[in-house]
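Trainee: This is the structure I want to talk about, given as structure tokens.
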Amino acid sequence: MSDSYAFLKGHGTENDFVLLPDDDGSVHGDLDAGRVRALCDRRAGIGGDGVLRVIRTTALEAGRGQPAEWFMDYRNADGSLSEMCGNGIRVFGRHLALAGLVDPTGPVPVATRDGVKTLTFAGGAADGEITVDMGVPKVLEETEVAVGAGSWPALHVDMGNPHAVAWVEDLADAGPLLDAPTYDTRVYPDGVNVEFVVRRGPAHVAMRVHERGSGETRSCGTGACAVMVAAALADDAPRDTDYRIDLPGGTLRIRWTADDRVLMTGPAVLVAEGTTSL
Ligand SMILES: N[C@@H](CCC[C@H](N)C(=O)O)C(=O)O
């Protein structure tokens, strides 16, 4: 492994990531958790909610056999793995398009630990929103989450990664979320991302999120999809209704289609690139 290596920094609705180009896996090897934590450190590192390693599908065991050239190797800021990252995959796609590694005029498949997701670019490589086919949601059991003295019923929605969606009176009810919400570990043996949601209008909600492995973040794409599914069920909304999901870092638009797929649309921005030896 080399001492100094390339990175990029980007965000999707202010959910921010360090990207590590590593085509054949020779730069970062197994990408140990310590390096991920150092890169994501907001004072001593570059800073980010997670790391996106850009690696060929053929170069990583988790990617082999998936029908896509590129694999999004996502890690949370604490170094843990997750199956999927909704904001991250748009940023990942933006990098692939800007680097000329994919053709953004057609559908772009990206392999993940939750299988292949397909990206559609509304603009060119450099601008416009990106829509991701996030696949079929799994609506599971009713459960409960708690923060401090407050506790709320929550719906378990699986978007490839686990979510608990809790309706609250006010987004401030959950407090500063410095501590992770508590949850039923029998329901979520591998941890959970917890979303707190309020209504803003018809097909329009706002949310905050505490992410497994990253703490409270400004946005979570898979979380927004889970929230949209919970809201559409609560509203008895017809399929193909477009929901607006407001997050502290911006807005995502989500649709649950008649053929049971969740489509997420939002921005993806690259803000810096360089080399580091972290
Ligand atoms: N911010 C992401 C989700 C990242 C993974 C999550 N923290 C987990 O551990 O499942 C998104 O935009 O979906």
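Just so it is clear, glycine is given a Cβ too, placed from its N, Cα and C backbone atoms.
The active site annotation in TrEMBL covers Cys85. Positions annotated as active site, proton donor by TrEMBL: Cys85. Feature annotation from TrEMBL assigns active site, proton acceptor to Cys220. Residues or ranges marked as substrate binding site in TrEMBL: Asn15, Asn76, Gly86, Asn87, Asn161, Asn193, Glu211, Arg212, Gly221, Thr222.
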Trainee: Could you tell me which of these binding-site residues, Asn15, Asn161, has the fewest other Cβ atoms within 10 Å of its Cβ?
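Mentor: Per-residue Cβ counts within 10 Å for the binding-site residues Asn15, Asn161 bottom out at Asn161.
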Trainee: At the level of the C-alpha atoms, what whole-angstrom distance separates Gly86 (substrate binding site) and Cys220 (active site, proton acceptor)?
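Mentor: It is 7 Å, counting Cα to Cα.
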Trainee: Return the maximum Cα to Cα distance in Å (whole number) over the record's substrate-binding residues: Asn15, Asn76, Gly86, Asn87, Asn161, Asn193, Glu211, Arg212, Gly221, Thr222.
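Mentor: Largest Cα to Cα distance for the substrate-binding set is 16 Å.
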Trainee: Could you check what DSSP calls Asn161 (substrate binding site) once collapsed to helix, strand or coil?
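Mentor: DSSP call for Asn161 (substrate binding site): coil, neither helix nor strand.
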Trainee: Using DSSP, would you call Gly221 (substrate binding site) helix, strand or coil?
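Mentor: Once the DSSP labels are grouped into three classes, Gly221 (substrate binding site) ends up as helix.
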Trainee: May I ask which residues of the same chain, at least 6 positions away in sequence, place their Cβ under 8 angstroms from the Cβ of the residue listed as 'active site'?
Mentor: Phe17, Gly50, Leu52, Met72, Tyr74, Thr112, Asn161, Gly221, Thr222
Trainee: Please report the Cα separation of Cys220 (active site, proton acceptor) and Asn15 (substrate binding site) in Å, rounded to an integer.
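Mentor: Cα to Cα, Cys220 (active site, proton acceptor) and Asn15 (substrate binding site) are separated by 7 Å.
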Trainee: Could you say whether, by DSSP, Gly86 (substrate binding site) belongs to a helix, a strand or a coil region?
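Mentor: In three-state terms, Gly86 (substrate binding site) counts as helix.
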Trainee: Residues other than Asn15, Asn76, Gly86, Asn87, Asn161, Asn193, Glu211, Arg212, Gly221, Thr222 within 8 Å, Cβ to Cβ centroid, of the substrate site?
Mentor: Gly50, Ser82, Met84, Cys85, Gly88, Val209, Ser214, Thr217, Cys220, Gly223
Trainee: Could you tally the C-beta atoms, other than its own, that fall within 10 angstroms of the C-beta of Cys220 (active site, proton acceptor)?
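Mentor: Taking all protein chains shown, Cys220 (active site, proton acceptor) has 36 Cβ neighbours within 10 Å.
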Trainee: Does DSSP give Glu211 (substrate binding site) helix, strand or coil?
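Mentor: For Glu211 (substrate binding site) - judged by DSSP and reduced to three states - the answer is strand.
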